[in-house]
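Annotated in TrEMBL:
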- 7-216: domain 'Porphobilinogen deaminase N-terminal' (DOMAIN)
- 230-310: domain 'Porphobilinogen deaminase C-terminal' (DOMAIN)
- Cys245: S-(dipyrrolylmethanemethyl)cysteine (MOD_RES)
- 319-342: region 'Disordered' (REGION)
Amino acid sequence: MDTTRVLRVGTRASALATTQSEHVAAALRDRLGVATELVEITTEGDRSQASGVPLSQAGASVGVFVSALRDALLTGEVDVAVHSLKDLPTYPADGIALAAIPEREDPRDVVVARDGLTLGELPPGSRVGTGSPRRIAQVEALGFGVELVSVRGNVDTRIGKVRSGEYDAVLLARAGLARLGRLDEATEVLDPLQVLPAPGQGALAVECRAEDDHTREALAVLDDPATRAAVTAERATLATLEGGCSAPIGALGDVVEGEEGPELWLRAVALSHDGARAVRNSASSPLGDDAATWPQVAADLGHRLATDMLADGAAALTPAAESAPTGTPHHPSARSAEVHNA
Ligand SMILES: NCc1[nH]cc(CCC(=O)O)c1CC(=O)O
């Protein structure tokens, strides 16, 4: 590729976002020998976070952290946009290509608790901070009797609430701590058998303008086919489920080497908001040797799994009124993978 060109990489301004974007920019410099420049874009989500407006009232359900970066791509302000994949809505964006999904971090959730404690060691009534309906429902389902309280702000602010004694623990994505070099703060890694991560958690999405073939082909060197297959299955599960229900959803895919070649495994859960009821399912599919066909196999697997879950009662987990959040324009598949604030 043209080594005199500077690739402008758009990023949100948070510590996590700039770390992730710099990681992608460094990989582009190493792999392609191009120069890069990080361009910070302030998103609506960052602004509403600063003003204290609850994200649930600020349009968080339509990918509030994502649209400003995409606008910067479309206007030509930047050439590349880096997002946390779990923040991307499941429906495609006009004029935008998902050019690379690099190898993902460990997708699990972690606990950061006082005194090195695990969730099960916290006494009943302990205050556990999270804003994620998915985490709330799955932790409620464990029956430990902890009190789930909402928490806002970036990773640093959240951990600060434990250090200050305001909360006994907070729940976070392990990937965020890993990227920030703060994994030692985690006091427990949650087993996916108990708490399934959000679809796409731990993975990055690297986008460019759909018609910018030059950048698109260059970015392809960062793509990891196994990660793309796993997250494509997770997001297809979410897309199909959210067409029929508004329940919190966890999903985890994994590519493993089977006796007859690579296989894709997928597990998912949909829960009532209080965690009292859940529909779980799992499935697997051989992938074949041609990685170019994996995304379609993955999408089909996710769609089938979710269709079975809807038939098993996933649609009845939440009252119909919940499927149209007030103040948010209703799009049948307008949720990002995780409505959540950081
Ligand atoms: N919407 C919040 C968000 N989006 C991505 C991450 C962490 C990194 C990742 O999951 O890739 C987080 C923070 C968290 O959930 O703790």
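Backbone N, Cα and C define each Cβ position, glycine as well.
DSSP classifies Cys245 (S-(dipyrrolylmethanemethyl)cysteine) as coil under the three-state reduction. Taken through DSSP, the domain 'Porphobilinogen deaminase C-terminal' (230-310) splits into 35 helix, 30 strand, 16 coil. Neighbour density for the residue listed as 'S-(dipyrrolylmethanemethyl)cysteine': within 10 A of its CB lie 23 other CB atoms from the protein chains shown.
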